[in-house]
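Chemist: Quick one: structure below, then a few questions.
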Amino acid sequence: MKKLFFFSLVFFTALLMVLLKSSLPAKAQSNDRVPGQILVKFKESVSQRERDNIFKGQKAKSVGKIEELEVHIVQVPEAAAEKVLTALSKNPKVEYAENDYIATAFMTPNDPGFPQQWGLYNSTTLNADIHATAAWDITLGNGVRVAILDTGISKSHTDLSSKVVGRVNLSDAITDDDIYGHGTHVGGIVGAVTDNLIGVAGGCPGCELLSVKVLNDKGSGAYSWISNGITWAVKNNAKVINMSLGGSSRSRTLENAVNYAWNNNVVVVAAAGNSGNQSKTYPAAYTNSIAVAATDSQDKKASFSEYGKWVDVAAPGVNIYSAWNDNSSPSDPQPLCDSATDCYKFASGTSMSTPMTSAVAALIWSQPNYETAPAVRNRLESTADKIAGTGTYWVFGRVNAAKAVSL
């Protein structure tokens, strides 16, 4: 999917204008943000009464709060949104104010013939995969909890229903179930039931899954939903947070949420994006996220994958087969179904390479000597295979599960 949205006196005067401009929020197109919604964080010393008065003076209403980040979700008339945002940003009692931007799922639609085009590639190409089966001889990742921040995970899919140990809906959708399909596909890549003669195998067979619905039934979601999802996952004992999603706009709230997870010993893994260029996407580009590009079965960069020095690792992301919610969603091609609820399909995108990476991170967590997020991340990155493009398209290489969990 397309990602939605991302000196004499004269010199001193010019510099001052630049500095003043940089302190204000950037303008955003209305389709890249939630209309009439702003994220506001006050300075610590500001009382609740002062906060209420500031909102009242701007005809703004606080409709929610991301408690762990001390960020208010504020609604204002859309016609006045830019003016209110500027006023709040200039207020000395406000640490920052910013638009509530929108992120989207990073899946590239397939045409009906795409699965057959794999004849042009050799799916058995040595060293092009993540060597999961060899890793499973060492560990299955039993009990490691992975949060899937996405469109939800199907409640009825045989390959997944028993693996989900907690779920929440933080989007504007009416159900916590997966209507869109993307989250079910991602969840299946991480932790589908394995060795049950049904469907597919998950990269971390012993992992537990948290279904955190932060994208709505059309595959998009506000940064505030995602930030809430991150803090919810941390509180519910996730060790890895998978985000196969992103937006083009940088956000202090979203970055603070990622930092909150990292500081609470949680590994954050995020998709680099599918625009095929070097543009940064968020949350992947934040320092405390692991940004993931996609490779194909020839161990080469996928044509659609975002790339650059800001991308950390790569993983298989082209024509990946996994679970799907059902055959009623707007999906091209339609999934293959064993029953009304047990469906599977091929999909491509950094949305698929990201859960491959999350699965490896979870396997590492289950091993002795890897008891902190920095240790797990370092192991994941340092054991990646330095395939062609390493150092140009990504920093460390394509992840290798077997190497990562070997003593």
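Glycine residues also receive a Cβ, built from the backbone N, Cα and C atoms like all the rest.
Heads up, here are the entries from TrEMBL:
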SIGNAL    1-28  signal peptide
DOMAIN    27-98  domain 'Fervidolysin-like N-terminal prodomain'
DOMAIN    141-390  domain 'Peptidase S8/S53'
ACT_SITE  ASP150  active site, charge relay system
ACT_SITE  HIS182  active site, charge relay system
ACT_SITE  SER351  active site, charge relay system
Chemist: Given a separation of at least six residues and a C-beta threshold under 8 Å, show me what packs close to ASP150 (active site, charge relay system) in the same chain.
Modeler: ALA105, ASP178, HIS182, GLY183, VAL186, GLY187, SER211, VAL212, LYS213, VAL214, LEU215, ASN242, MET243, SER244, LEU245
Chemist: For the domain 'Fervidolysin-like N-terminal prodomain' (27-98), what's the model's average pLDDT?
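Modeler: On average, pLDDT over the domain 'Fervidolysin-like N-terminal prodomain' (27-98) sits at 93.
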Chemist: Ten-angstrom check, please: count other Cβ atoms within 10 Å of the Cβ of SER351 (active site, charge relay system), all chains counted.
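Modeler: Other Cβ atoms found within 10 Å: 33.
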Chemist: Using DSSP, what's the helix, strand and coil tally for the domain 'Fervidolysin-like N-terminal prodomain' (27-98)?
Modeler: 29 helix, 26 strand, 17 coil
Chemist: I want to verify one value. Collapsing DSSP to three states, which class is SER351 (active site, charge relay system)?
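Modeler: In three-state terms, SER351 (active site, charge relay system) counts as helix.
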